[in-house]
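Just below is one structure, and these are the notes that go with it.
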Amino acid sequence: MGSLLSSDSSKSAPASATPRTLERSGDSELPITSFDCSVCLEVLHQPVRTRCGHVFCRSCIATSIKNNNKWTCPYCRAYLPSEGVPATDIAKRMKSEYQNCAECGTLVCLSDMRAHIRTCEKYIDKYGPLLELGDTTARCVCPFCQRELDEDCLLDHCIIHHRSERRPVFCPLCHSRPDESPSTFNGSLIRHLQVSHTLFYDDFIDFDIIEEAIIRRVLDRSLLEYVNQSNTT
C-alpha cells in the first residue's frame, strides 16, 4: 500500500457535495489506498507531499529521513531536497471523505481516522495500541538570545521576544536543509521563518503562507537552474 497521489492526479470534491463513504474495496476515481501512508500503512496524518510526488504522514517522512540519514523518498528512493510541503489538497479532501473503520465498522471522517483507531477497542485488541513514530522534533539555538529550543517553537519564540530585532543573523533552520546554505537576514527573520519554514499544521493550515512558500521555492529553483545553465554554456 502506498499513497501515490500527486498534485496533478488529484481532484478536489465539490464543496457542495455530500460526504462520500469509501468502502475498503475502493472507488475507481479515488482508491482508498490513496489515503494510506506507505511507511506506517495507516490513514495519512498531516499529509506531506515530497518533490517526487509521493504523500506520507509528516512524522513518517521526517523519521525515515532521520533514521536512515538519507534524503531519499521511502517509496521510490528519489533524492529529496526537503521533507516536502503539506499536501493541502489531500488534507482538504480527507475532511469531506468518510470510511468505515476496518475493525469496528464505525463510519469515520478520514481526517479523524487516526484519532479513532487510537481508542477503537477492536483495533487495539487485534493490533495493540497505535504506536506513533518517535519524536522527530529537532533542536536549534535562537540567533538573537542563544536560547536552545525546539525548531517548532522558534517562530513563536521570535514573535514573543524578538519582534523588533533587526540585527543581521543566520537562520538556524536553513542549516538542516540539504540544498540550502545559511542565510543572513538584515530584515525580518520572523517573516523568513513564516515563508520558508512554517510548512506544517495542526488544526488548520494557513494556505496563503504555504502558497507563498511554494512559489518562492519554485522561483529560487528556476533561478538556480538558469545560473547553472549559463555557467555551463
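Heads up, the Cβ atoms here are built off N, Cα and C, so glycines get one too.
Per Swiss-Prot, the features are:
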type     : residues                       : note
COMPBIAS : 1-17                           : compositional bias 'Low complexity'
REGION   : 1-27                           : region 'Disordered'
LIPID    : Gly2                           : N-myristoyl glycine
BINDING  : Cys37, Cys40, Cys57, Cys60     : Zn(2+) 1 binding site
ZN_FING  : 37-77                          : zinc finger
BINDING  : Cys101, Cys104, His116, Cys120 : Zn(2+) 3 binding site
ZN_FING  : 101-120                        : zinc finger
REGION   : 110-114                        : region 'Interaction with the RING-type zinc finger'
REGION   : 121-129                        : region 'Linker region'
REGION   : 211-225                        : region 'Required for interaction with ubiquitin and for autoubiquitination'
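What Swiss-Prot annotates, mapped onto the structure for a quick look.
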residue	record	DSSP class
Cys37	Zn(2+) 1 binding site	coil
Cys57	Zn(2+) 1 binding site	strand
Cys101	Zn(2+) 3 binding site	coil
His116	Zn(2+) 3 binding site	helix
**Study point:** Cα distance (Å, whole number) from Cys40 (Zn(2+) 1 binding site) to His116 (Zn(2+) 3 binding site)
**Key:** 16
Study note, to complete from the structure: Spacing of the two Cα atoms, Cys40 (Zn(2+) 1 binding site) and Cys101 (Zn(2+) 3 binding site), in whole angstrom, works out to 17
Exercise for review: Excluding Cys101, Cys104, His116, Cys120, please set out which residues of the same chain place their CB within 8 Å of the center of the CB atoms of the Zn(2+) 3 site, keeping sequence order.
Suggested key: Ala102, Glu103, Gly105, Thr106, Val108, Met113, Ile117, Thr119, Lys122, Tyr123
**Study point:** Confidence summary for the zinc finger (101-120), mean pLDDT rounded
**Key:** 92
Exercise for review: State which of the following binding-site residues has the fewest other Cβ atoms within 10 Å around its Cβ: Cys37, Cys120.
Suggested key: Cys120
Revision key, fill the gap. Integer Å value for the Cα distance linking Cys104 (Zn(2+) 3 binding site) with Cys57 (Zn(2+) 1 binding site) is 23
Review point. So for Cys40 (Zn(2+) 1 binding site), how many other CB atoms are inside 10 Å of its CB?
Key: 19
Review point. What are the helix, strand and coil residue counts for the region 'Linker region' (121-129) according to DSSP?
Key: 7 helix, 0 strand, 2 coil
Study note, to complete from the structure: Whole-number Å distance separating the Cα atoms of Cys60 (Zn(2+) 1 binding site) and Cys120 (Zn(2+) 3 binding site) is 22
Check your understanding: Around Cys101 (Zn(2+) 3 binding site), which residues of its chain at least 6 apart sit with Cβ under 8 Å of its Cβ?
Key -> Leu107, Val108, Met113, His116, Ile117, Cys120, Lys122, Tyr123
Check your understanding: Given the binding-site residues Cys57, Cys60, Cys104, which one's Cβ is surrounded by the fewest other Cβ atoms within 10 Å?
Key -> Cys104
